[in-house]
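Participant: Per TrEMBL, the features are:
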- 39-457: domain 'Major facilitator superfamily (MFS) profile' (DOMAIN)
- 40-58: transmembrane segment (TRANSMEM)
- 78-100: transmembrane segment (TRANSMEM)
- 112-130: transmembrane segment (TRANSMEM)
- 136-163: transmembrane segment (TRANSMEM)
- 175-197: transmembrane segment (TRANSMEM)
- 203-221: transmembrane segment (TRANSMEM)
- 279-300: transmembrane segment (TRANSMEM)
- 312-335: transmembrane segment (TRANSMEM)
- 342-360: transmembrane segment (TRANSMEM)
- 366-384: transmembrane segment (TRANSMEM)
- 404-427: transmembrane segment (TRANSMEM)
- 433-455: transmembrane segment (TRANSMEM)
């Protein structure tokens, strides 16, 4: 009788496993029927066009900034401080806006929230497409700071939530990797085009591509959240709205303010699981290093090896090609075999290693070798996003991605405040000792600190927030 009961328990366990597998297959089939394939293809094209427009101006903006502020010089402390101040202001703005945008995208849909940042992106680059004198540069600087405070990073935040709407948990990390790979591909194409375009043409093409990206998104991208899948709170509000126009407007305004995330909401979300809070900590320190490197690297290379637009473009193309190949070809194969947590550790380790290599570069060829490390560095962020997405339910994806983006924005505030003065000091003639890459070495130690936080294997979401 005991053996018979044991066999019955084993049969019941297998039936439950089969049922869970069937539910997952059914869920992914429902997502496909909702237009998952078409929606994702249009999302990837939208992200490609948007990133192409954004990335192609990066190699040129350093030369434009230097020529506007310090004509004929290879070192300019004013340019470094202005760049650091801009990044700090953008980080402060996005610290507030990212959780808000993520939360509102849960309530009103991803497409509606995507339209705002994609339209605002057109304005600053349009100024430099027209003219690049000192006065026009300051106009660009001011408008770029204001628009980026509102929407920097929001396109990628909403794109990750869109993917989470369309893709089941089993394939989510791989699709996040493909999304990052498309961004890297746009990075490569944008920098290649910059390599063969003049500076005025670079900004004109960038403005045209930004317009094209916004139009493509508006025309072709379907909404990922159907009416029946909006948050329960939204449906209840809409159900109880009476026919009075005034009452409907009042109800919507009240609902908008109720939808705004508060600090207590963020804290509650971080307490949802230990894995989510660990992901947030790793994201903070990793982004602290990334932002500091982006602030210092170009000015360091220009002062150390006299790099210009073309060398910056070559460097970025190498990093972009390596990252694209890794995310589109290697990462989808490694995620099922190795796991997201190990790939995250690999990405963070090589991020630290390539910063050390930049900081001690002894010839102009060393930065090109360091750029090749991107083939492994790019594992980190898709794995972070995937682990975070698995800790919340389907109706909370925007909130979760917005929370992670908000944590990264907090790092965006702190990093320039610390590392901009350090970079300017060690690139100046009054440095305490001769080590131009000292600030980048410090950034590498910041990334090393992420090893103290061991992100555990993510658990599938099993309870509401």
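Indices start at 1 and increase along the chain as displayed.
From the backbone N, Cα and C atoms, a Cβ is placed for every residue, glycine too.
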Participant: Take the transmembrane segment (112-130) and find every residue of the same chain, 6 or more past its ends, with a Cβ under 8 Å from one of its Cβ atoms.
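Facilitator: Distal contacts: 46, 50, 53-54, 57, 64, 101, 104-105, 136-137, 139-140, 143-144, 147, 150-152, 154-155, 158-159, 200, 203-204, 206-207, 210-211, 213-214, 217-218, 221, 223.
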Participant: Report, as numbers and ranges, which residues of the same chain sit near the transmembrane segment (312-335): CB under 8 Å and 6 or more residues beyond its ends.
Facilitator: 55, 58-59, 62, 173-174, 177-178, 180-182, 184-185, 187-188, 191-192, 194-195, 298, 301, 343, 367-368, 371-379, 382-383
Participant: Checking distant contacts: for the transmembrane segment (203-221), what same-chain residues at least six beyond its ends satisfy Cβ-Cβ under 8 A?
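Facilitator: For the transmembrane segment (203-221), the nonlocal Cβ contacts are 39, 42-43, 45-46, 49-50, 52-54, 56-57, 60, 111, 114-115, 118-119, 121-122, 125-126, 128-129, 132, 193, 197.
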Participant: Between 0 and 100, where does the mean pLDDT of the domain 'Major facilitator superfamily (MFS) profile' (39-457) sit?
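Facilitator: Computed over the domain 'Major facilitator superfamily (MFS) profile' (39-457), the mean pLDDT is 82 on the 0 to 100 scale.
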Participant: How about long-range neighbours of the transmembrane segment (404-427): same chain, 6 or more residues beyond its ends, C-beta under 8 Å?
Facilitator: 75, 77, 80-81, 83-85, 87-88, 90-99, 102, 152-154, 156-157, 266, 279-280, 283-285, 287-289, 291-292, 295-296, 299-300, 303, 384-385, 388, 435-439, 442-443
Participant: With the transmembrane segment (40-58) as the reference, find which of 78-100, 136-163, 279-300 contributes the most Cβ pairs under 8 Å.
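Facilitator: Per the Cβ count, the answer is 136-163.
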Participant: What same-chain residues lie close to the transmembrane segment (279-300): Cβ under 8 Å, and 6 or more beyond its ends?
Facilitator: 62, 75-76, 79-80, 83-84, 87, 91, 270, 307, 312, 344, 348, 351-352, 355, 358, 380-381, 384, 387-388, 391, 403-404, 407-408, 410-412, 414-416, 418-420, 423, 427, 436-437, 439-440, 442-444, 446-447, 449-450, 453, 455
Participant: Would you mind listing the long-range same-chain contacts of the transmembrane segment (366-384), meaning Cβ under 8 Å and 6+ residues beyond its ends?
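Facilitator: Answer is 173, 176-177, 179-181, 184, 279, 282-283, 286, 301, 305, 314-316, 318-320, 322-323, 325-327, 330-331, 334-335, 340-341, 343-344, 346-348, 350-351, 353-354, 357-358, 360, 404.
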